[in-house]
Amino acid sequence: MTSLACKVFSRVDRVCRHLPVALNTFLVFSITGEVSYLVMVEAPLEPDQKKTEWSSWWKMIHLLGQYFLLGNICWNALLFLRTSPSIKGVFLGGEGMGQGWRYCYTCETHTPPRCSHCYDCKVCVLRRDHHCVFFGQCVGLRNYRYFLSCLLFMWSGLLYATLMNAEVFIVILKEGVTVHSILLLLIPWIMLVSGQVSARAFAFAFIADTCVVGFLLVSAFFFFHLFLLFRGQTTREWYSSRRPYNLGLLGNLRHTLGLRWYLCWLCPLIPSTLPGDGIHFEVTGSLEPAR
């Protein structure tokens with residue numbers, strides 16, 4: 001009985017770990033499909049512009065732009081998940097251990113500065129920033145570039161989708177701010193279940209709401225990590241108000257995004273070698289927490 005319960009718990013845990021990734025994938029492709037529909041069918045709104053050459057070029061530019069964003073989001077997310085940030089396969093060495101090194105009793109090894117153990121990933125992570133619940137993996141030295149690039153393109157894509165969905169909000173509110181329109185924007189699920197709106201109206205309202213909420217959340221994450229990047233900090237170091245590894249703006253960009261930091265954000269396939277090994281760091285300030 002205990003063995004069966006363990007197997008069931010293990011399977012449920014595995015499903016729960018992959019659920020956020022599946023949900024994010026569904027939302028990203030749903031938003032892309034809805035915006036593509038708005039571009040191809042609904043816009044431009046003026047009837048005399050729908051069959052003009054300008055309209056065709058307008059649609060092509062919009063479609064190319066949004067699928068460029070979608071491709072970068074998916075590819076960066078895939079490389080983020082496939083790039084292990086852990087100490088597995090890394091020779092830490094026994095010599096040269098100094099200030100900042102610790103002993104991990106779970107992994108049974110000495111770990112370098114800025115490395116810490118993740119109890120979700122069950123391993124120590126080099127230059128660990130945090131465990132991302134949306135991807136189910138830690139953000140560390142080797143995959144931080146893909147994480148930040150994914151946030152950049154998600155932010156750009158959601159901003160674009162929110163602007164494109166402005167017409168949806170205009171259509172919903174065109175007859176004035178009524179109880180029906182407010183409820184449709186705030187609780188579209190209940191409006192659908194109660195039969196107050198059609199499935200088409202629900203889909204547009206739900207995706208438009210998702211774009212706005214997602215844009216606000218991604219904006220907070222993205223600009224917070226830009227702030228940390230410019231200061232040469234990880235999320236863990238920000239909690240303790242330490243900045244001992246701040247190398248200046250250009251130095252922080254090179255050590256986080258690689259030597260081609262000015263190009264690597266355009267495409268995840270552009271190689272950008274990291275100058276550091278995640279074990280040795282140049283210390284420019286005190287390692288003691290600020291008081």
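Heads up, the Cβ atoms here are built off N, Cα and C, so glycines get one too.
Remember, TrEMBL labels are computer predictions, not curated facts.
Residues annotated as transmembrane segment in TrEMBL: 21-40, 60-81, 144-163, 169-190, 202-230. What TrEMBL records for 101-240 is domain 'Palmitoyltransferase DHHC'.
Per-stretch counts of Cβ pairs under 8 Å to the transmembrane segment (21-40) identify 60-81 as the leading one among 60-81, 144-163, 169-190, 202-230.
Non-local neighbours of the transmembrane segment (202-230) in the same chain are 27, 30-31, 34, 129, 147-148, 151-152, 154-155, 158-159, 161-162, 165, 168-169, 172, 184-186, 188-189, 191-192, 238, 249, 252-253, 256; each lies 6+ residues outside the stretch with a CB under 8 Å from one of its CB atoms.
Counting Cβ pairs closer than 8 Å and at least 6 residues apart in sequence, the transmembrane segment (144-163) and the transmembrane segment (60-81) reach three or more and so form a contact. Listed by sequence, the residues of this chain that lie at least six past the ends of the transmembrane segment (169-190) yet keep a Cβ under 8 A from its Cβ atoms are 196-197, 201-202, 205-206, 208-209. Each residue of the domain 'Palmitoyltransferase DHHC' (101-240) gets a DSSP state, and the totals for helix, strand and coil are 80 helix, 18 strand, 42 coil.
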